[in-house]
Amino acid sequence: MIKLAPSILSANFANLEEDIKQVEQAGAEYLHIDVMDGAFVPSISFGAPVMKCIRPISKLVFDVHLMVEEPIRYIDDFVNAGADIITVHAEACKHLNRTISRIKEAGVKAGVSLNPSTSLSVLDYCLEDIDMVLIMSVNPGFGGQKFLPLAIDKIKTLKELIRVKNLNVDIQVDGGINTDNVSEIIEAGGNVIVAGTAVFGGDIIKNVKNFNEIFSKYQ
Ligand SMILES: O=C(CO)[C@H](O)[C@H](O)COP(=O)(O)O
């Protein structure tokens, strides 16, 4: 199943409730929540208190992408604020194994994200323990960047690795995705598609429906 995860980084923060309701009404399944600390990435976005405020207004899967140094420090905060999935960057964790264990002990799904230049080999000793890999197709920190084509081979290789090991791990792809390039990403093996600008820029309901129409060809 291919799923759309609209990234609220590109939503209108003065109108967040309405924007979230629109993506939900239009048929998105996840809400991608980009948390940036101004250290691991240059920007600062928002933290668990904001997420706690939006949790009661939506039944979407809250898919939290922690772009923060040593995310282990914030796992309990985001679990208490209503996260369903917590994804951490391999590059940001001193102790990745411990961080994954902490997420799973807290009762939510665990994801590991890789920057564009990070090798898939960092997954060698954790792929069996996680629910999702997030392949960054831009350098994290900003919405509205151009998709990096190097992600395609990476997705294909990861998909094959998951197949050979007979695992049930989602491949999420994030950055610069729109209705023109999403088919190539799905054909490479991506099944959780993050889109910010291409969802929240313009007519939100129409944008979500356009993505879902493309997804329906692969279901
Ligand atoms: O993680 C991110 C940036 O670090 C964003 O989720 C990502 O860039 C999505 O935005 P867009 O679809 O506009 O590229």
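These residue numbers are counts, starting from 1, taken along the chain as shown.
Just so it is clear, glycine is given a Cβ too, placed from its N, Cα and C backbone atoms.
Whatever TrEMBL says is automated annotation, not expert-curated.
What you are looking at is a predicted structure, and each value in this text was computed from that prediction instead of being measured.
Asp174 is the only one of Asp153, Asp170, Asp174 that TrEMBL places in the divalent metal cation site (with His32, Asp34, His65).
Of the listed binding-site residues, namely Gly141, Gly143, Gly176, the sparsest Cβ surroundings within 10 Å are found at Gly141. On a Cα basis, His65 (divalent metal cation binding site) lies 17 Å away from Thr197 (substrate binding site). The secondary structure of Ser7 (substrate binding site), as reduced to three states from DSSP, is extended strand. Nearest neighbour of Gly143 (substrate binding site) by Cα distance, taken over the binding-site residues His32, Asp34, His65: Asp34.
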